[in-house]
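Written below as structure tokens is the structure these notes are about.
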Amino acid sequence: MKERFFLAIKYTAFSKYLNLLFSLIIGAVLARLLSPEEYGIVAVITVFYTFFSMFSDFGISSGIVQFKELSIKQIQAINTLTVFSALILALVFYLASFLIAEFYENPVYVEIGLFSSITLFFATIQVVYNGILRRDNRFKEIAYVSIVVNVFSGVFAIILAWKGFGFWSLVYRSVFSGVFNFILFYWITKLPFNFNFDFRGIGKMLKYSSYNFLFNFVNYFSRNLDNILIGKYIGVAALGYYEKAYTLMRMPLDNITVVITPVLHPVLSSPEITPEKVFDVHKKLIEMMAFFGVPISIFLFFSAEPIVLILYGKQWLETIAPFKWLTLSVWIQMILSSTGAFFQINNKAKWLFANGLISSLVLVTAILIGVYFSSIKYIAMFLVIGFLINLFQAFYFLP
């Protein structure tokens, strides 16, 4: 188990850190070619895309990892469900883009919605293939796909931005990523794309997946309501600054914790792993995250201004204030990052949902208070308080 665990971490780390390097370079170039307003426009549609993308997974990927005994026919039946749900989701998202355009009083969201619906379709039909690779601990292949897609899509976006495509360079990049990602996953897994309408025997997996979906559903609002309300009531330029601050804050999370958390569920859900071993791993992981997280938070807080100026330039100065506050939550979120996996490992999907529901209520309240002050700095400030409350609450629920 130990060898599999560290091998999985090695490939995930390789992918994440190489992607971090490419993302920093690509992001720095794009930040100088595109304005905060252009980033803000895309950030608005991204919020709603994220909402629909929850339905694309429905916890199915985690379900395939958890129920390793699923046969090829059962997996094909699940794949059939995802194909039809992909078509429905893409259509509904495109229709919803008309409402989004009306809400923000900007017809461009209808055009963006059309292309984003294509991205959503391909993101949905690759869910089963991703689950198979994770179930089989094929993190090496996942790592290579992630790197290749990130580099090619990033270069594609830079060329388009340089040619004057504006925010469309970001939109077309997401379409490129979605299509390319699916093609590579399909080619690697070799899963026959056959329709199977015999859904017997997958009920248990779908029940398990439904609780994971409900957790993601309620978690969505706590993680995205800030973007929705900032774009509506403070403005797309403010959203551009805030989105850049939030993305920058998440870099340590996405490149430290995400190296470990994706491999926890596939490796520790094996039958030979005892509850005592799971508890021991979690305890050591908390200690490690705190050890690295606190110094990172302190460093980012005091280095916020030079980091923003070096990476993005002077036009992003208003990103500094919210970024400084958000950095104070980095150590908290690093500790919290693995809790979802341990709920899943212990087969406590109901408790995962309950924990997510309360977390969302806390964070939504924090966001609403910040929006009341019409300041992205105050939103960031109250979010830090919300994350701190989440920390104590999560360990109350965790078995």
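Positions of Cβ are set from backbone N, Cα and C atoms, glycine also.
Unlike curated entries, TrEMBL annotations are predicted automatically.
Database features, via TrEMBL:
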TRANSMEM  17-35  transmembrane segment
TRANSMEM  41-65  transmembrane segment
TRANSMEM  77-100  transmembrane segment
TRANSMEM  112-130  transmembrane segment
TRANSMEM  142-162  transmembrane segment
TRANSMEM  168-188  transmembrane segment
TRANSMEM  289-313  transmembrane segment
TRANSMEM  325-345  transmembrane segment
TRANSMEM  352-373  transmembrane segment
TRANSMEM  379-398  transmembrane segment
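Outside the transmembrane segment (289-313), and at least 6 residues removed from its termini, the chain residues within Cβ reach (under 8 Å) are 24, 27-28, 31-32, 244, 248-249, 252, 256-257, 319-320, 323-324, 327-332, 334-335, 337-338. For the transmembrane segment (142-162), the partner stretch with the highest count of Cβ pairs under 8 angstroms, out of 17-35, 325-345, 352-373, is 17-35.
For the transmembrane segment (352-373), the residues of the chain that approach it from at least six positions outside its boundaries are 211-212, 214-216, 218-219, 221-223, 225-226, 229-230, 233-234, 339-340, 343-344, 379-383, 385-387, 389-390, 393-394, 397-398, judged by C-beta separation under 8 angstroms. Here the transmembrane segment (168-188) has long-range neighbours at 30, 33-34, 38-39, 42, 45, 49, 112, 115-116, 118-123, 125-126, 129-130, 133, 138, 141, 145, 148-150, 152-154, 156-161, meaning same-chain residues at least 6 beyond its ends whose C-beta is under 8 angstroms from one of its own.
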